[in-house]
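Here is the structure we will look at, set down as structure tokens.
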């Protein structure tokens, strides 16, 4: 078989041949030298230098690329030191290198870094040279002899294939690079070069007189660079330069061919801890643990049936006052009081509102002339005036400017000849004449004398490259060269030992809130509470808690394996693929909402003053000014004589508080007035009785974050979540490593010579090249160490919105954000509950006087004022009070209805009334504004560790994990045999009750609890701020009796009667009907005033008389006694919350709450199964510089600790054929095991290791199997919580047995009062009784409870039988009475009671009834209950009624509960 290894070997050979060929080709071309400049120093291409100790640079094609030196960890060298000028620590000489030892001890902890060593002494300075004359540059020397050809360092071991096994013992390790010495002084100048060649002749100058040779001039500026010469022949390849440092990361090259299979590598360092192996067989049960932490609150159970009535509660608190009764009939009109004394002058009234604008007044008197206005603008030009008279002749003017020269005159005759001038200067050279014909060759002259040697001519242009000279003789050995630059980077060393764990980082800031998590699984049900005292038998009570688990039964034997089943359902979906390419851009989003209006802009600068406008017309008269303040009061004048009565004035301001009158009879109910303004604050009322419990308030602000709780116990393995949706497309990756150097291109055309530019800065790394063709997939390499975290990439393009993710767990509360911009007003919210009163604010400054308010309602009657000073005698009074009643006149016709009176003027605020009784609780006020968050409370005590979470379902295979460190390969051991089933452990003690769980969602309303005892008095509340005016309410109930109605119109005056003797007070006569109001009669003459007679007997009620005139006001009387208690005032604002009342008696068990909110994420689960090997990781960081090229030396690889002497020849795994064979066996075994496991999932066997979900599943997969005991795991996931059940293979029923199926036959209960028969629950109320638990021996009750919950969900019907053994105890039918009054009660698992008669859904049937009478012999009754409401079964308790006497005994057989 052509293996993968062979293929790789072939490909590697091909790659090597190609590369070697490429190197040979590259050597034939001449690559012009390229230089780099850094810090004023010039370096050649491929030069390497270290500008700083920990930085290394290389000249690469004119670019300086620098990188930080990465030091190897010196793990096995505690005293490592950094030599001066070096970057990396090295072992001092005495330390043992790892290669010297064959075994190493356990690695010690990492030592502290040693102190930095002292700097070495500087080298001695060089000798000063003698300054020489500057020599001329010599010609290029002959090329040196060719260096020995070097092989590429990386290929040496592959080309040599072998390895010198003998040399392994002494693999030499190159020492660290020494520090560079100080720069020496300049050396002596070189000797002057030889005479240069004769330069070409210059152009001929003009012939001058030949002067003497001048001194040598200064050198001219350098000429322009000449054109490039033609290419010379290629020189011999130079010696191989020192290797350059690691280049910058190049663009990714195309994938190379796979190399040959390398030698077997050393054993890697210890790998990261492997994934947890498969769960081992169940160990022996441990000793009972301490009580566990309280469990989380369980899920809300189904609502129970109506519970039995509880015992009567204590008397309730006093109820609220009843509603106000209907108004009584109007009382009789009281007598009018005498006129009072004139009151004192009232205080100045409040300023009235501003009056309406008056009509326009007459035009005012003309005003004073205004000040002169500013000058107006220039007016337009006027019309031209008429011509003036001609003026007199003027004086002569000044002479004018000289005129322009005239035209030239005619030419004059020639003048006489002048004398001859001196000779002119020498003319310029004439243009060169045409060249003459070539003359004959002259005779050879005598050699002239040797001239003075001229100065060397200027350097000629560079000649063409001469032909290659013969190699010269070998020169003397040169002086030792300066220290070479660092070599090229070697292969990366093997991974170092993992360093010690770093210190814990600081706590990070809270992350953003995660997405809402998916709902957690239902928590376990809480433990059963202790039995309460037995109350009177009531109507059915709420369901009781689950009973304790009985001791587990012995485990049954595993059944035999069945035949293979039919193919199973389709497997789970595979791992999600990598994200697809980015989709097309989505449609543009909706237009955003309108933004918040911006803040007002700054006020602009004032404009320039405009020009004054024309004077406007006078304006209309202004409105009347405000009324001036009242002047000071004048001194009081003497009382004048009373004047005649004026017309009735407007209603005066309310007088001072009068004496309280007697309480009038209640008048008819008045119309409901509008709601007045809130009165002044009343005196603190006594605290009212505790009101009913309010609705849950809105959740308060989050408190300050408490101290972190103690870490909870680790939860069991949670299920890995479903794989998330593909994330947004990541940013572009880092550039790939530098590709191989390309072949040299053809020579370009000659460019025009440019000037040398200043060297630019190093350019940025180029963009990534195009992706190479995919190489063949290599074998999965060992995992490399995780690279450092990269910088955060730029945000990618926004992807299309994904589907909503699953809800995340609730995140911690974020920090308070900055206040947002003010939003637009929202819709009016629903009326909130009353907030707690805020703290009283500081007293504000007095506000400005407000507008006059609307008149308030009439104030309450004030208390009596102090008696006023006696006034002057008043004016003559009006007519006195009516005389005694005359005889009744005939009833008059009914008068017309009077108009509704106008609203009275606002009274002054009366003093505070007496504290009223506490009114009924007012309606909730509107929600107060949200108070500012309170100061952080003190940190809470650490919470108790949370309970272990339930194991989650197994998640989908995760994405490939990060590449782990390379581990030592261990061969897998053979699978062990499963251990024997351990004996069952003793059941642990019951744990303490758990803490209260988080509040569940509001359940359906429970039945009313018993009345709580009244709470302690609350402290008085502060006033709430007045609420806004409410909407007009609906008509309220009839109010209390109103004030006495207005008196009717006066009747006619009867004749004065005689004064009768004073009779004794007669009994009150019945109230007569109110007669119709008579018409007003004329006033009769006033009779003389008689003596006051004694009160006569009460006559029949007369017709209502006319209204008398008001009498004079009497002097103020003494204060009256307090009136009767008035009706309750309107309910005051809610006071602050009082202190908590004393605890009420416990209410009935409430219904189970709804599931609480999802808890915080559990502790990190166990490491999941190993994922598939990931793709190769990114290239690791560059390794340290390699040794100089030549051969390849493996000595720099750190030798791992080895047990045997290291065998240098076995570097490569493929060299050992046994390993491959073992590996194949291992793969085969794994595949077989996997296929077996998959088969087990598709067709479960019902064994402990491979349980089915239900017996129905087993029946479908294995229809020919017999009924018997099998293992099932309804909640799937880990099979450690599987339970053993009986499977009825005829029907597919799953039957779960009770842990204690029999109740002994004996006397279980003796009643204190045997005649008073009532149902007594066996498990709850009888001594040594227990509630029935299920699941068989050895099973954990909590596991069984969960499994039963799942089993109920997957079933449509449940049934159970119970056999009641009796002696003198009726179980169902009472033979004596023929009825079912004495029948048993059963309690279902949801605490519902199942009876013998009543609602057919909650009644059981009897298949055999042998307990109908008291015969003194044992009998039995078989009870059966079948239901489609699977939550009612299994039965957990039984209550017989006919027990309690000493001769009454019973026992029970509890049958299995079967689900179908």
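Placed from the backbone N, Cα and C atoms, the Cβ positions cover glycine too.
According to Swiss-Prot, the protein has these features:
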DISULFID  1255-1287  disulfide bond
DISULFID  1295-1458  disulfide bond
DISULFID  1366-1411  disulfide bond
DOMAIN    34-92  domain 'VWFC'
DOMAIN    1225-1460  domain 'Fibrillar collagen NC1'
CARBOHYD  261  O-linked glycosylation site
CARBOHYD  1104  O-linked glycosylation site
MOD_RES   252  4-hydroxyproline
MOD_RES   309  4-hydroxyproline
MOD_RES   432  4-hydroxyproline
MOD_RES   492  4-hydroxyproline
MOD_RES   561  4-hydroxyproline
MOD_RES   747  5-hydroxylysine
MOD_RES   801  4-hydroxyproline
MOD_RES   881  3-hydroxyproline
MOD_RES   1029  5-hydroxylysine
MOD_RES   1119  4-hydroxyproline
MOD_RES   1155  4-hydroxyproline
MOD_RES   1176  4-hydroxyproline
REGION    158-174  region 'Nonhelical region (N-terminal)'
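Across the structure, residue 1411 (disulfide bond) and residue 1458 (disulfide bond) place their CA atoms 26 angstrom apart. According to its DSSP assignment, residue 261 (O-linked glycosylation site) is coil. A gap of 9 Å separates the Cα atoms of residue 1255 (disulfide bond) and residue 1295 (disulfide bond). Of the candidate recorded positions, 261, 1287, 1366, the one lying closest to residue 1458 (disulfide bond) when CA atoms are compared is 1287. Note on the domain 'VWFC' (34-92): DSSP counts are 0 helix, 27 strand, 32 coil.
Separation of the C-alpha atoms of residue 1366 (disulfide bond) and residue 1295 (disulfide bond): 26 Å, rounded to the nearest whole number. In this structure, residue 1411 (disulfide bond) belongs to neither helix nor strand by DSSP; it is coil. Counting only residues at least six positions away in the same chain, the Cβ atoms of 1255, 1285, 1286, 1287, 1288, 1456, 1457, 1458, 1459 sit under 8 Å from the Cβ of residue 1295 (disulfide bond). Every protein chain considered, the tally of other Cβ atoms within 10 Å of the Cβ of residue 1287 (disulfide bond) stands at 28. Per-residue confidence over the domain 'VWFC' (34-92) averages out at a pLDDT of 86. The most densely surrounded of the disulfide-bonded residues 1411, 1458, judged by C-beta neighbours within 10 angstroms, is 1411.
Annotation note: residue 1287 (disulfide bond) sits in a strand segment as assigned by DSSP. Counting every protein chain shown, the number of other Cβ atoms lying within 10 Å of the Cβ of residue 261 (O-linked glycosylation site) is 19. Around the Cβ of residue 1366 (disulfide bond), 29 further Cβ atoms fall within 10 Å across all displayed protein chains.
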